[in-house]
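One structure is given here, and the rest of the page talks about it.
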Amino acid sequence: MKDFAPRPVARAINWNRVTDDKDLEVWNRLTANFWLPEKVPLSNDVQSWATLTDDEQQLTIRVFTGLTLLDTVQASVGAPALMADATTPHEESVLANIAFMEAVHAKSYSSIFSTLCATEEIDAAFRWAEEDPHLQAKAAKILDDYAPGSDPLKKKIASTFLESFLFYSGFYLPMYWSSRAKLTNTADLIRLIIRDEAVHGYYIGYKFQRGLERETEARRAEIKDYAFSLLFELYEIEERYTAALYDGVGLTEDVKRFLHYNANKALMNLGFEPLFPDSVTDVNPAIMSALSPNADENHDFFSGSGSSYVIGKSVATEDEDWDF
Amino acid sequence: MRLAYYSSSSGNTARFVARLGLPAERILPGAPPRMTDPFVLITPTYADGEGRGAVPKPVIRFLNDADTRGHLMGVIAGGNRNFGEAFGLAGDVIAAKCGVPCLYRFELAGTAGDITRVRQGLDRLWTQIRSTAA
């Protein structure tokens, strides 16, 4: 019978008729931010790599292999799974871009490995990734939601958590090394990845919000419950994964603060309120400034204590008036 | 003293302003409000990797009005630290162009701590403006 079903009309994508401006905005942002690992001089980190202990090297290779696994899942399963639910052809194009950039990210870790590590160390880390119960558990949790026929909104929740939360137990380490003036070129490459993931999480979270608006109140409540319970499940896995990796170098508690901070951002990308209070999101300032260098200079008007304002009354105020 | 804000359809800045619980004028594309009293602007940042295009276009059109610009007392910028040095860059650009301070930066829709600090900061700013004017 299938042969007699009318074939849907094949449609060409028209970028001169965009129904959701966010599609064009994000397409422009992603394509302007395009990069390849070859532009980062990773070989300048060879000497720095040699200053790490064997345990620190193994930790770093494992962390990057874990990140590679998540990027692989997102490139080959996650973004294509979201494409099936796209509401505009332009959304499909943006997701194609996201899928490709995730493949670039995954390949970038191999560039780091081939620059810094021996083949047997790399192979051992890839074996570890297949056997590590916590890493496999988080991939499995996400892949469950990506299965064909899954709820489109749940797919977007899982995808936003991957982009905006699950990567960060790994991203912590290169920021930590960078704050200690180690592997700084590698950190530059990771910052490019971090920048991309922000746009991906923002966009998928945005599409989630548009989809959620069309649902009944009861269904919105059900989906919100699902999002929070998935976050709790993923968080428990992340806690164990973090402890297994970072206990040896004594960084587990600080990494967990970074996880709380990023879990809040993942929830905000989905349009929900942050969950973790400031008391458990106070990430080591050195990590924050490795993430956004120079971003905190001259910006404590409201956060500093006892600073007084100098307020000009006229329109023609000079910059010097505000030079504290 | 008032607030004006821009928020795209992602709604992050709108959620931040809603939680502040203070009256605020929304800048809609095509029909920017004209400000006739001192005000603080709250805007997201849209910069690409090179920092281009940081200030949303509707905010540029809003500030192109000289009277409105003349009443601007400061700017609060939304953004995301994942963008590195470009985090909250719209605040820096507007601050430099209009000769006003960038008062605060927050990420996405802001945390509870951000809301508290901005409420307190605005309160102090309001008080000082009133005493300066008196």
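Backbone N, Cα and C atoms are what each Cβ position is placed from, and that goes for glycine too.
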Among A:GLU92, A:GLU102, A:GLU120, A:GLU253 - the residue TrEMBL places in the same Fe cation 2 site as A:GLU163, A:GLU197, A:HIS200: A:GLU102
Candidates A:ASP71, A:ASP144, A:ASP145, A:ASP151, the one TrEMBL lists with A:GLU102, A:HIS105 as binding Fe cation 1: A:ASP71
For A:HIS200 (Fe cation 2 binding site), the one of A:GLU102, A:HIS105, A:TYR109 that lies nearest, given that the recorded positions are compared by Cα: A:GLU102
Near chain B - the recorded positions A:GLU102, A:HIS105, A:TYR109, A:GLU197, A:HIS200, filtered by Cβ distance under 8 Å: A:GLU197
Protein Cβ atoms within 10 Å of A:HIS105 (Fe cation 1 binding site), excluding its own: 25
Intrachain C-beta neighbours of A:GLU197 (Fe cation 2 binding site), sequence separation six or more, cut-off 8 angstroms: A:GLU163, A:SER164, A:PHE167
Neighbour-count leader, CB within 10 A, binding-site residues: A:ASP71, A:GLU163: A:GLU163
Cβ contacts of A:TYR109 (active site) (under 8 Å, same chain, 6 or more positions away): A:PHE64, A:THR65, A:LEU67, A:THR68, A:ASP71
Residues within 8 Å of the A:GLU102, A:GLU163, A:GLU197, A:HIS200 Cβ centre (excluding the Fe cation 2 site residues themselves): A:GLN74, A:ILE98, A:MET101, A:HIS105, A:LEU162, A:SER164, A:PHE167, A:ASP196, A:VAL199, A:GLY201, A:ILE204
